[in-house]
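Novice: First the structure, which I've put down as C-alpha cells, then a few questions once you've had a look.
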C-alpha cells in the first residue's frame, strides 16, 4: 500500500530552480480568488504534520514554508480573508470562500519566528520555489486520525522521499529557537 504524504511530494520531491524570484499564491475559489504576492524564494520548506496547518483534501501532511513578512502582499480579494483562530500563535489568514489558508503571521514580537510569514508553496501560480527539505511534527498526524501502527510506514516513506522526519522542527530551526530564547534571557 502506498503511503500518501501530500500531492506535491507523493511522486517525488521536485527540486526548486535555485533562482525563484517569488510569485503569486492563489486560493481554490473559481470566483474572485484571493491572490497574495510573495517576493523572493521560500525558506525552511517542509511537510508538517500538525493539525493547525491547511492541507488539501486527502493529504496526511501540509507543505509549508516561511518568507519575510515584508515580502507578503495581498493583491486581490483581501476582503475574503479571515483569521481562522485568533488565539493561535500563528494567525492563519484563510479564504472565507474555499477555506484555503493563504498565509500565517506571528504578531508576538517576542516569538523566535516573529517577522516570518508561513505560506503553502503549492499555491504558487509559478513553478520553481525551494523544495521541501524535512518533515516536522510527524507524530501529530495521529491527532488527525492516522492510526499509530501506520507511523513506521509513514516515517519510512518520508525518508524515501528525502524528507527527514522530526517530531518537532528540524535541528537548525530548534537551534534558532534556543538561540533566540538564550539571547532574550541574557538581555
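Cβ atoms are placed via backbone N, Cα and C, with glycine included.
Here the structure is a predicted model, which means the values were calculated and not measured.
Feature list, courtesy of Swiss-Prot:
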- 27, 29, 95, 98: Zn(2+) 1 binding site (BINDING)
- 48, 50, 53: Zn(2+) 2 binding site (BINDING)
- 20-167: domain 'CENP-V/GFA' (DOMAIN)
Novice: Counting other CB atoms within 10 A of each CB, which of the binding-site residues 27, 50, 53, 98 comes out lowest?
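Specialist: Each of the binding-site residues 27, 50, 53, 98 was scored by Cβ atoms within 10 Å; lowest is 98.
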Novice: Count the residues of the domain 'CENP-V/GFA' (20-167) that DSSP assigns to helix (H, G, I), to strand (E, B) and to coil, and report the three numbers in that order.
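Specialist: Helix, strand and coil residues of the domain 'CENP-V/GFA' (20-167) number 29 helix, 53 strand, 66 coil.
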Novice: In this structure, which of the binding-site residues 29, 48, 95 has the fewest other Cβ atoms within 10 Å of its Cβ?
Specialist: 29
Novice: If you compare CA-to-CA distances from residue 29 (Zn(2+) 1 binding site) to each of the binding-site residues 48, 50, 53, which comes out shortest?
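Specialist: For residue 29 (Zn(2+) 1 binding site), the spatially nearest of the binding-site residues is 53.
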Novice: Given residue 98 (Zn(2+) 1 binding site) and residue 48 (Zn(2+) 2 binding site), what distance in Å do their CA atoms have, once rounded to a whole number?
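Specialist: About 21 Å separate the Cα atoms of these two residues.
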Novice: Work through the binding-site residues one by one (48, 50, 53) and name whichever has its CA nearest to the CA of residue 95 (Zn(2+) 1 binding site).
Specialist: 53
Novice: Report the residues of the chain - excluding 48, 50, 53 - with C-beta within 8 Å of the mean position of the site's C-beta atoms, for the recorded Zn(2+) 2 site, in sequence order.
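Specialist: Filtered neighbour residues, in order: 49, 51, 52, 55, 61, 62, 64, 136, 137, 140.
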Novice: Provide, as an integer number of angstrom, the distance between the C-alpha atoms of residue 50 (Zn(2+) 2 binding site) and residue 27 (Zn(2+) 1 binding site).
Specialist: 21
Novice: Using the centroid of the Cβ atoms of 27, 29, 95, 98 as reference, list every other same-chain residue with Cβ within 8 Å of it (recorded Zn(2+) 1 site), in sequence order.
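Specialist: These residues sit around the Zn(2+) 1 site: 28, 33, 34, 80, 96, 97, 99, 100.
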Novice: Do me a favour and check the Cα-Cα span between residue 53 (Zn(2+) 2 binding site) and residue 27 (Zn(2+) 1 binding site); whole Å is fine.
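Specialist: On Cα coordinates alone, these residues lie 15 Å apart.
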Novice: Take the C-alpha atoms of residue 48 (Zn(2+) 2 binding site) and residue 27 (Zn(2+) 1 binding site) and report the distance between them in angstrom, rounded.
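Specialist: About 19 Å separates the two Cα atoms.
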